[in-house]
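Notes follow once the structure below has been shown.
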Amino acid sequence: MHRYRTHTCGALTEAQVGDTVRVSGWCHRIRDHGGVLFVDLRDHYGLTQVVFDPDSAAFAAAEKVRAEWVIRVDGRVRLRPEGTENSELATGKVEIYATDLEVLGPAAELPLPVFGDQDYPEDIRLRYRFLDLRRERIHGNIMKRGQIIDSLRQRMKGQGFFEFQTPILTASSPEGARDFLVPSRIHPGKFYALPQAPQQYKQLIMMSGFDRYFQIAPCFRDEDPRADRLPGEFYQLDLEMSFVTQDDVFAAVEPVIRGVFEEFGGGKPVTQNWPRIPYAEALRKYGSDKPDLRNPLVMQNVSEHFRGSNFKVFARLLEDPKNEVWAIPGPTGGSRAFCDRMNSWAQGEGQPGLGYIMWREGGEGAGPLANNIGPERTAAIREQLGLKDGDAAFFVAGNPEKFYKFAGLARTKVGEELKLIDTERFELAWIVDFPFYEWSDEEKKIDFSHNPFSMPQGGLEALNGQDPLTIKAFQYDIACNGYEIASGGIRNHRPEAMVKAFELAGYDEATVIERFGGMYRAFQYGAPPHGGMAAGIDRIVMLLCGVSNLREISLFPMNQQALDLLMGAPNEATPKQMKELHIRPALPAK
């Protein structure tokens, strides 16, 4: 007999009745029923009920065990008494009558229980993550994560992609976030950087003559953590293709992502034909470049109905051609209580309020705005928005560049409050035609809005003859249920176009050569047209596990302060280590 087990705790069925078996695992739950001890023994594979009778030689040892002790049990498999079966367990028709018990690993008093699904403070869960990971829900999330990654890998290979590994120690480059720097012992005063993404390497792979690359890539960015972004590191499905257009990338990626959502989405409907929504349209209709299309509400520009009206606040705003008034429809939201609640919510978001019109039975508009603009304009707004009696509309006014994010939040809030969002589905879409450049108020100059290596629509001709802020890029995202889950672009593979693109953003050719020397050099020796993207594995897993916090699908995450409470990172380096690296701390004054 094997030293620890002949079967796992999820393997025993009626077929083993009468067999002598050995199992090992954790004491999940211990119950005393009239002097007979019942232990639910748990391992990675499942649960098995073990019975310790007072007549058994193992009973005395069993009386000493506590929750989460690791034990080995020998015994005979028998059917559970009629009426005590558990249909929710694979082993629910049988139990083990124990004849021998060995304690393999006793456990101290638990800081959080493994049995059950109670909420515990996050700092406790992260400090004792090894206990937290034993809990059924999060254990299942981690297993599902592995299965999703395996499925992505197989689907990519099925599409003709080959898996490569790119370096982890690389050069620092400006890619939109702070780098994690690694001091070089061999080259005093110089630093490696952990890659924010394998962007340059994957393009170099295409220039090296390979055709379709992918990897499950670790990425590192020193940025502030959020619930949908882990501090420090994350993983992405990174891919690149040679001799492709934007449509070719879409055709390769769409079945991979759609297939994974269909496989692991629990039967929820998944968008089959993904819409392609231009960036500007997404902001205009949904107030977001990652719209949640489960929400049916579409915002509309209703400026004409307020221009020259008696509602002077909006009428004066509209004298500036940059300003607009947008309407958010609110089907079934035409009650004073709901409209006032939305107005209070807007004030809580730092806004002066949220204007509204509600239509009561009989079709007459009500509310301060309706009273000011009159029945004719009110009826025209209702007709444009397709509203009916009992509905409402909410209004946001000003410069859309400044208010679109709030308008998007208001659209989401209305959809949630009126229960218009179908949470039992996955709505996926391509967001396309991103602006190539944006104006940086902080630096008072034009800068790249997304990825500096993307191809501008119109190529070198657009860079030479067009207002930079009107240039669009061959750049695209995948949005799913209000999250950006992937981003990519067709690359700028002509060296003169690359230099010009950086020049417009304030970087001269010498800077380009200094920062991107390897890629610039490769461009001189025949670079193929190429493009690709990267999908955020953590966010995809988060959506498929039905959670809203990435720490629920990550093995050993840091907390919101970028601290690893289990391992004690970051920690101080020893004087010897600092000396070897030729560095000394210059700490801020306390």
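Quick reminder: no glycine exception, Cβ is built from N, Cα and C everywhere.
Copied over from Swiss-Prot:
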type: BINDING; residues: Glu175, Arg221, His450, Arg491; note: L-aspartate binding site
type: BINDING; residues: Arg221, Asp222, Glu223, Glu484, Gly536, Ile537, Asp538, Arg539; note: ATP binding site
type: REGION; residues: 199-202; note: region 'Aspartate'
type: SITE; residues: His33; note: site 'Important for tRNA non-discrimination'
type: SITE; residues: Gly83; note: site 'Important for tRNA non-discrimination'
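Put simply, His33 (site 'Important for tRNA non-discrimination') is 16 Å from Gly83 (site 'Important for tRNA non-discrimination') when counted between their Cα atoms. Taken through DSSP, the region 'Aspartate' (199-202) splits into 4 helix, 0 strand, 0 coil. For the pair Glu484 (ATP binding site) and Arg491 (L-aspartate binding site), the Cα-Cα distance reads 20 Å. When the Cα of Arg539 (ATP binding site) is compared against those of the recorded positions His33, Arg221, His450, Arg491, the shortest separation belongs to Arg221.
In the three-state DSSP classification, Asp538 (ATP binding site) falls within a helix.
Along the region 'Aspartate' (199-202), the predicted structure has mean pLDDT 95. Ranking the binding-site residues Asp222, Glu223, Glu484, Asp538 by the number of CB atoms within 10 A of their own CB puts Asp538 at the top. Long-range neighbours of His450 (L-aspartate binding site) (same chain, six or more residues apart, CB within less than 8 Å of its CB): Phe434, Phe436, Ala473, Gln475, Ser487, Gly489. Arg221 (L-aspartate binding site) is surrounded by 21 other CB atoms, counting those within 10 A of its CB over all protein chains shown. Neighbour counts of Cβ atoms within 10 Å were taken for the recorded positions His33, Arg491, Arg539; the minimum is at His33.
Of all Cβ atoms in the shown protein chains, 5 besides its own fall within 10 Å of the Cβ of Gly83 (site 'Important for tRNA non-discrimination'). Of all the recorded positions in the list His33, Arg221, Arg491, the shortest Cα-Cα distance to Gly536 (ATP binding site) is found for Arg221.
Cα separation, Asp538 (ATP binding site) to Arg221 (L-aspartate binding site), rounded: 14 Å.
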